[in-house]
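Lifted from TrEMBL, the feature list:
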- 359-430: region 'Disordered' (REGION)
- 12-35: transmembrane segment (TRANSMEM)
- 47-69: transmembrane segment (TRANSMEM)
- 81-102: transmembrane segment (TRANSMEM)
- 114-132: transmembrane segment (TRANSMEM)
- 207-230: transmembrane segment (TRANSMEM)
- 251-273: transmembrane segment (TRANSMEM)
- 285-305: transmembrane segment (TRANSMEM)
- 518-542: transmembrane segment (TRANSMEM)
- 548-566: transmembrane segment (TRANSMEM)
Amino acid sequence: MPCTCGNWRRWIRPLVVCLYVALLLVVLPLCVWELQKSEVGTHSKAWFIAGVFVFMTIPISLWGILQHLVHYTQPELQKPIIRILWMVPIYSVDSWIALRYPRIAIYVDTCRECYEAYVIYNFLIFLLNYLSNQYPSLVLMLEVQEQQKHLPPLCCCPPWAMGEVLLFRCKLGVLQYTVVRPVTTVIALVCQLCGVYDEGNFSNRNAWTYLVIVNNISQLFAMYCLVLLYKALKDELSQIRPVGKFLCVKMVVFVSFWQAVLIAILVKVGVISDKHTWDWDSVEAVATGLQDFIICVEMFLAAIAHHYSFTYKPYILEAEEGSCFDSFMAMWDVSDIRADISEQVQHVGRTVLGRPNKMYFGSTSRPEHTEHTGLSGRPEHTGLSGRPEHTWSWSGRPEHTGLSGRPEHTGLSGRPEHTGLSGRPEHTGLSGRPEHTVCLAVLNTQVCLAVLNTQVCLAVLNTLVCLAVLNTQVCLAVLNTQVCLAVLNTQVCLAVLNTQVCLAVLNTQVCLAVLNTLVCLAVLNTQVCLAVLNTLVCLAVLNTQVCLAVLNTLVCLAVLNTLVCLPS
């Protein structure tokens, strides 16, 4: 139910401050308790320091978001700004959680990487919505401006035609990143589950290297389209000071990406090695933790920059009364994103089928309009004032108007004289008909735009085909990796089996040797016993012989004594 309290803008900010203080009173003791519970190592200290930066970052970002909700007076501009401001707290909280639980880092980083593409897209929508509001005839204004050439390193490519072609291609160039980044993130998750992702390791055998290359190309092209759009509309965008806003978005996205690549290079060259893991499980976990810690610190600086670049102050003067529920729900409304993606898909589909395209920015197309329209959704046949060139007189006949929107002077025949872009009547022939009319110029422009749109669609189709081929190659590489791993596992199993067989044979031989030893010992014992027995027998025989000898001696002595005693 919507909030009906008229002064909700007065109490909503103190309420949010009180809630955040209560959150700090609950979370801070838990963090201290967690720090005291475990052994205080480098990992725990880094997590605690990063938490301090996170809890300094969140109030700065939430305050800016809350101020935009309180002064929600221009939804078409403030809705993209609020989405961009959410980038900092999402980045910081995500990195803090990943720093505490390294095993789930790959999964929580998925949200951060997808939101990164979402932020770049919303920045483009912010610029286009501002231009659409300030310059209803922006397409015609671009068409009469000097041709914007491509920037390095694409300076050798043919330039995009000024007008709707430039706007549409820049928008499509940014939109492709919002599709490529989530797709590569899902592929990274699948590869991580299959064990072939190997984050931070530059190798042609893992999926991380190929995904980094694809993401880098897609991201650079999206940023290139934003820079090209700014160069073409630098004067028109000067009032909103887009340089600071662009740097805030670009620095957060690019710094977080390239510092991850730099850390991976440091791991590759051995600067970060297994010698010092600081309570982490592996060197890859050290690299991921270092990346998350640096992001937590950087987001504090980014929150301050966002607070001044995407300030709410320009929207205070036009403050209107409204419900807090409507302002809060508008922040989560993504119907414009859904409509924009549907528009791009339909455009590509019509191009593939060879049907006429309805090119427009920011409004719903009507069935009767198949020609190119401007950012405001009106037909292209308008003057620089945004009003149609053909107006109707009281007689029911259309009067041709110039750039001012007023009917031009007619000739003596009562027919309107055709005027050029300058608003002055052109010279006519004897028949009173114009030699060079605005209609022919507009028709030629439409034909040129149609040809250019066809070329754009073909280029987009080629890009999609290349991406599909690249994805196929990545899948084949992953499949080859899995096959190689399966073969390696088979070889390892065979080696283990051979080792076990060898060990069994060795055990058998050892057992036989032991058995032989025991038999030999038994035989030896038998021989010893026989020798001892022989010795005992010999001793017994010797004793018997000695006894017999003694007995013989005694008998002899007795006989001798007898003989001696007889004569007497």
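Using N, Cα and C of the backbone, Cβ positions are placed for all residues, glycine too.
Remember, TrEMBL labels are computer predictions, not curated facts.
Sequence-distant contacts of the transmembrane segment (285-305) (same chain, at least 6 residues past either end, Cβ-Cβ under 8 Å): 43, 46, 49-51, 53-54, 56-57, 60-61, 88-89, 91-92, 95-96, 98-99, 102, 105, 199-200, 244, 247-248, 251-252, 255-256, 259-260, 263-264, 266-267, 272, 276-278.
Only residues 6 or more beyond the boundaries of the transmembrane segment (47-69), in the same chain, are considered here, and those with a CB under 8 A from a CB of the stretch are 12-13, 16, 20, 24, 27-28, 31, 35, 78, 81-82, 85-86, 88-89, 92-93, 95-96, 99-100, 292-293, 296-297, 299-300, 302-304, 306-307, 310-312, 315, 324, 327-328, 331. Most Cβ pairs within less than 8 Å of the transmembrane segment (114-132), among stretches 12-35, 81-102, 207-230, 251-273, 518-542, belong to 81-102. Taking Cβ pairs closer than 8 Å, the transmembrane segment (207-230) reaches residues 117, 120, 123-124, 127, 148, 150-151, 154, 166-167, 169-171, 173-174, 176-177, 180-181, 184, 187-188, 191, 196-201, 237, 242, 246, 250, 253-254, 257, 261, 467, 470, 473-474, 477-478, 481 in its own chain, all 6 or more past its ends.
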